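Enquirer: Dropping the structure in here first, questions after.
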């Protein structure tokens, strides 16, 4: 049975390889069939290709379906339109603004048990924009002084009011037969 799966795996790989080889022979390099390899690509062409936009991207199926580990998936990755490219500011990132789902047939193999073609849904991006990076927004919003320089790990802070409170709760301390000291935010032995 393992021998048969190996032959199926290699047969599919060969089929994909020869199909891609035919496509690459038929397609002009970089979209411009009349360009020579030593020719310099003009700035505007380079710039237009680099802007934030939906680009065909190879995506690992396990990245989209991490719980499918009991199967061998063929192919293991799929071509999807995803946002890619550059923004003109380091504080910006290329993100999707419009999404849609596409369903593809994927072969699911369960070693020594079964194999079947199964429809799987994937998210594609149809429009992209440059928007502020999440880390940048968090840094701009965080205007509060830290609760404690030495023991930051003991406190949590409300980002809107800057109010500090203990991460540990009184009930958590009591479950360990301790009491919460609200001044130090530590669980301590009860005083007698």
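Don't overthink the numbers, they just go from 1 along the chain as shown.
Glycine is no exception: its Cβ is also placed from the backbone N, Cα and C atoms.
Annotated signal peptide per Swiss-Prot: 1-26, in sequence order, evidence recorded as sequence analysis. Look at Swiss-Prot and you will find 52-94, 83-128, 87-130 tagged as disulfide bond. The N-linked glycosylation site annotation in Swiss-Prot covers 101 and rests on sequence analysis.
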Enquirer: For residue 83 (disulfide bond), which residues of its chain lie six or more apart in sequence with Cβ-Cβ distance below 8 Å?
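Expert: Once residues fewer than 6 apart are set aside, residue 83 (disulfide bond) is near 52, 53, 54, 55, 94, 95, 96, 125, 128.
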Enquirer: Near residue 94 (disulfide bond), how many other Cβ atoms are within 10 Å of its Cβ?
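Expert: 20, counting other Cβ atoms within 10 Å of residue 94 (disulfide bond).
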Enquirer: Near the Cβ of residue 128 (disulfide bond), how many other Cβ atoms are there if near means within 10 Å?
Expert: 23
Enquirer: How big is the gap, in Å, between the Cα of residue 130 (disulfide bond) and that of residue 101 (N-linked glycosylation site), rounded to a whole number?
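Expert: Approximately 22 Å lies between the Cα of residue 130 (disulfide bond) and that of residue 101 (N-linked glycosylation site).
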Enquirer: What is the total of other Cβ atoms whose distance to the Cβ of residue 87 (disulfide bond) is within 10 Å?
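Expert: The answer is 19.
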Enquirer: Please work out the number of neighbouring Cβ atoms within 10 Å of the Cβ of residue 130 (disulfide bond), leaving out its own Cβ.
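Expert: Total other Cβ atoms inside 10 Å, all chains included: 18.
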Enquirer: In whole Å, how far is residue 101 (N-linked glycosylation site) from residue 87 (disulfide bond) when you measure between their Cα atoms?
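Expert: Cα-Cα distance, residue 87 (disulfide bond) to residue 101 (N-linked glycosylation site): 25 Å.
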Enquirer: Residue 52 (disulfide bond) has how many other Cβ neighbours within 10 Å of its own Cβ?
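Expert: Result for residue 52 (disulfide bond): 19 neighbouring Cβ atoms inside 10 Å.
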